[in-house]
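Below is one structure; the comments refer to it alone.
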C-alpha cells in the first residue's frame, strides 16, 4: 500500500510539474508592409542613410503666429493642476516658448548625436546610433537598444547616453560600456507613420529587430519604459536567442497576484509583498484605484478615437504643449497636481520639455503617435497573444517610486521568470531616463553585471 501511495505521489508531482511549468513559447517572426499601396515586387532598399535635423525661418514664424493667436480659458480659483494644465502657468510657458526658446540651438543639440534613416517594411525608420568615443583597451562595447514611449521621444535618452557610452568621463565605472541605438517608433518624430491599420507593438518589435540585424548585431541588450517596455518585451518574446538581457522600468502585466491586493494589506508576507511594496501600493483606493482613474482618461480617447483629438492637437501648438506637458507633471510625481506650476521645472528645464513638444509639432506626428494606443489596446482585454506569453530571457527591473502603478517583484517574476535584478529606486517617476539618467544608468550596469 505504501508503495502505491509513493508511486501515486511521484506521478502526481510529475503531472503537476509538467502542467504548471513555464512553457517557453515565442511570438512568430512574421513580416509586414506598412507603406502606401501594395508591396512592390522589387527588393526593399536596405541602405542606412545619414539624417540631419533641420529647421527654417518659416517654420519658426508659423509657430510664433499660432502662439500669438492663442485663446486661453481662465482657470478656476485655487485649482492648481487638478483640472489639468493650469492656464495661468501655461502663460509663462508660452511666453518663454515665444520669446526665449531657441529652436535653432536645440536643433544643434539634437544633431550632436549621429542620426540615420533606413527603410524597413515600407517605412523610413529614424534612429540615433552613438558609439563610445574612447572605449577602454580590450573592451568590446555592448550594443543596447533603448526604446521610448508616449508622449516622449528619442530625446528622452540624450542625458543617459553619455553615461552609458563614456561612463569614465562622468564618474561611473567603465566595467560596462555600451553603444546605444535609439529608434523612433513608427509614427513618432522622424520615423514614418504607417499607411495601414495594424501596426502595433509586435510589428514595431519586428522592425526594430530587423534594424539591429541591419546594423550587424545578432545579439544585443534592450531597455525600455512605457511603450518601449512593451516593444522590448515583444522582441524578447519573438527572438529570445538574440536578446542577451532585457531591462525595464515599466511592465505591462496581467497577473493573478493583482487579486491578492485586498488581502495583501493584512497578510503581506503571505503574498510576497515587502514593506516597500506596502508603502507604494496602499492605501489601495488612493494609490491604485483612484490614481488610475484620474490618469487614464487620455488612454480611453486614444484607444478609441485618436484621430479626433489628433486634429485639434496637430493644429494648435498651445493645445499640444498643454496636452503633452501635463503628463510630464503628473506622471513624474502625482503630488505635483497640488502645485500651481505642476512641478514641471523641479525636474526638467523648459528647453528640454519644449524640445520634446517640438519633435511632435514640427513633424506633425501627434495623431499617428496616438494611433499606437488603438492598435495595441483597442482590441479588448487579453486579445493579443503576447499578453499570455512569458518572457524567458534574463530580465532586470527598476521600480521607480512615482511610476503610474507600482509593480511588486513577485508580479514581475510571473511574467518574466528569469528576473535576475529587481531594484527599488530611490526617486523618480515615469520618464526615468529623462528625469533620473544616472540612477537608471547605474541600474542597467548593475543588471548587465549580474548576467
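Glycine too: its Cβ is placed from the backbone N, Cα and C atoms.
Keep in mind the model is a prediction, meaning the values are calculated, not measured.
Annotated in TrEMBL:
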DOMAIN    48-157  domain 'Epoxide hydrolase N-terminal'
ACT_SITE  226  active site, nucleophile
ACT_SITE  373  active site, proton donor
ACT_SITE  430  active site, proton acceptor
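For the pair formed by the residue listed as 'active site, proton acceptor' and residue 226 (active site, nucleophile), distance between Cα atoms is given as 8 Å, rounded to the nearest Å. Sequence-distant contacts (6 or more apart, same chain, Cβ under 8 Å) of residue 226 (active site, nucleophile) comprise 148, 149, 150, 152, 250, 430. Sorting each residue of the domain 'Epoxide hydrolase N-terminal' (48-157) by its DSSP state yields 37 helix, 24 strand, 49 coil. Within 10 Å of the C-beta of the residue listed as 'active site, proton donor' there are 19 other C-beta atoms, taking all protein chains into account. Residue environment of the residue listed as 'active site, proton acceptor' contains 23 other Cβ atoms, counted within 10 Å of its Cβ in all protein chains. Along the domain 'Epoxide hydrolase N-terminal' (48-157), the predicted structure has mean pLDDT 97.
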